[in-house]
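*Asks:* Pasting a structure below so you can have a look.
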C-alpha cells in the first residue's frame, strides 16, 4: 500500500520530492471579509484623529522640514537615508502656496500658519492606513478570516506604529512600502508561474523593493529578505523533477530582472532626481570632495598654487573632515588648545602656512614662493592665534606610548622650534590632477600629503575615534609613529593669498559623472551612519526593544506652551501586549522551526502523511519566512556601534506580528478552544494597552496622576511634569 504523501510532494524514482507548484489557491473575498475590510478601514481612520495636534515640530520632523527647505533653496545636503521620502514630502509642499523663507530651527517650534504640515502628516497617515489594509490581504493568503481580522486590528492599534504614521517621518511610508513588498511577494509565490497575475505580483514586488530601499537605508534588510526567499524558492524549483533546465533559467532570469534590476533602476533614478533638485552649495558641502562640489552652481574655484602665507583649509583624505581648532582646551594632559576634525566649513578651519623661521608678514605677503615636497612648515591657526603643536604627552583618547598629543600653542613671534615644525611629504596625487606637478609642488585639491613632526618624527593623523562632550564629539587628532598610512593623508581644499587674487591659474575639474556622484554620496552616507555615536538620552540597546524597556520622548510642550495651550506630550512607546506576544511567539517559532528543519534534513526520509503533518507543516512553511524577516530586520542592529533607538525595531516588529498570526492560526487549527482563548487574550490585552496610552500616542490632555500611574516599567522616562501646567 502506497503511503499517503502530504500536499506538495510527489513520488520520484528513488524518494519523494517536493514540487514547486503552488498548493495555495486564491479565494475571492467573502461577504464577511468584505464587511471586515470596510470595518478595518473605518477603524484605521483613528490614525487621522486630530492630526493637527501638536501644531509644533515633533522629534525628527525637524530634519524632514529642513530638507524640504533645502530642496526649495536648491542647497545640497546629505543624509544617511536615500532621498525618496524627502522628495515626496517636498513635492507635496509644492502643491501649496506658502512663504518659502520660513524658518524652523528646533523641535517644538510652531509651524507657520501657511505651512502645509497637516497635509504632510495626512500623507503619512494614509500610508499607515495602506499598511493596515495590505496586512489583511497578506494574512488571508495563509490564515483563516478571523485570525486575519484580529491581527490586522492589532496592527491598527499598535501604539508605536500609530505614532509614526501621524507625523512627518519616514517610518510611515516605509512600513507601507514594506507591507507592499510582503503582500506581493507572498501573492507571487502562490500564483501559477508565467500567468498574468504571476507577472503582475513579480514586478510589483520589484517596484516596491525599489521604493523601499529608496526610502530608508533599512529597506536593504527587506531587500535581503526577498533575496533569501528567492534563493530558497529557486533551489526548490531546481529540485522539482518536472521542471526542465530551460524553465529554471527562465525563472532565474525573470527574478534577476524583477528583484535586482528593477529596484536598482528605481533607486538610481531617485538619486538622479535628488541631484537635479540640489544644484547649489549648501549644508552638505563640507562632506563632499572639491571634485563633486565643482559641479554646483556657486562653487568658488580655488587658486591652484599654494604659497607661503596662504590661508588654507586642510581636509583629512579618508574622512573628508577639516583640520580644526577652537578655544576649548584639553581637560587633562597639556591643558592646551584642542585640535580636532570638524564636519562643516567654518572660520576655525583656516590655517596660514608659514616657513619655519620667525613670522615676517611683509615677506610672506610679497614673496611668491610655492610650497614644495620636503619643505618644513608651520601652521598658524587664524581664529585663535596659535600654532599647531605636538608635545610628548599621551593623547586624551589614544593613550599609547607611540602617540603624541596635538594642540595649539604659542603665538606670533615664535622663533624656530621643532615642536611646531612639520615636514610636508607628498605621496600621491588626486585622480583629477592633470599632470605630475602635485607630487613636486603643493597643489590645491590635487596633492595628497603627510605632515611629519620634526621633533618626534611622528605623523599627524586622525581616525574615527571621537572626543567626549568636552571635545564637542569631534574626531581626535593625534601624532603617531608608524601609523596606518590612510589615516595620515591630507589635502588642501581651499587656498587664498593676496598675490593670487588675479591669478588665472584656478583649479578646474574634469566632468564629474552621475555615477561618481552616486558613489561618493554613498561613501558619505556610510560615514555619517557610522558617526552617530554621540550619547543621547533616549538611545537604547537592541536587546531592550523586544521587551519594550524604554521609549522615546518625541515631544513635550512643558516649556513652550502659551497660556491657553493645553498640555501635550508624545512619548513613542509600543503596545506592551503586542510586543510581548511577538517576543514569546518568536521564541516558540525558533524552537519549532529548528526541530522541523532537523527532521527535514534527511532527504531520503519519507515525509509524514498529509493528515498528520498538515497543521505543523503549514505552521513551518508559512512562519519561517516571517521569522527570517524578523531576524534580518533585527539582528544587524545588534552588531552596530552607532546610537540606536526603539523606532529602529519597527520593521522587525512588522514581521513579528505576521509571525504571530501564523502561530495563532496554528493553535486554532490544532485546538479551537485553546487557540481561541490565546487569540482573545492577546486581542483584548492589546486593545486595553492601546486605550490606556492614547494620550501620549496622540498628544492629548492627561493628568499628572494618570501619567505617573502609567509608568509600568522603571525605565519609562515619561515626562509627567508636562501635565503640571
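All residue numbers here begin at 1 and follow the chain in the order shown.
Heads up, the Cβ atoms here are built off N, Cα and C, so glycines get one too.
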*Asks:* From 253-275, 276-298, 299-321, which range did TrEMBL mark with transmembrane segment?
*Replies:* 253-275
*Asks:* Under 8 angstroms, Cβ to Cβ: which one of 118-139, 253-275, 577-599, 649-666, 673-694 has the largest number of such pairs with the transmembrane segment (197-215)?
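*Replies:* So the stretch in question is 253-275.
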*Asks:* Is the number of Cβ-Cβ pairs under 8 Å between the transmembrane segment (118-139) and the transmembrane segment (649-666) three or more, considering only pairs separated by 6 or more positions?
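*Replies:* Contact between the transmembrane segment (118-139) and the transmembrane segment (649-666): present.
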*Asks:* So, by DSSP, how many helix, strand and coil residues make up the domain 'MIR' (368-427)?
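*Replies:* Split into helix, strand and coil, the domain 'MIR' (368-427) gives 3 helix, 27 strand, 30 coil.
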*Asks:* Against the transmembrane segment (35-53), which of these stretches has the most C-beta pairs under 8 Å: 146-162, 221-241, 577-599, 649-666, 673-694?
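*Replies:* Of the candidates 146-162, 221-241, 577-599, 649-666, 673-694, 146-162 scores highest.
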*Asks:* Taking 221-241, 577-599, 673-694 as candidates, which has the most Cβ pairs under 8 Å with the transmembrane segment (146-162)?
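*Replies:* Result: 673-694.
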*Asks:* Going by DSSP, how much of the domain 'MIR' (439-495) is helix, how much is strand and how much is coil, in residues?
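*Replies:* Reading the DSSP string over the domain 'MIR' (439-495) gives 8 helix, 29 strand, 20 coil.
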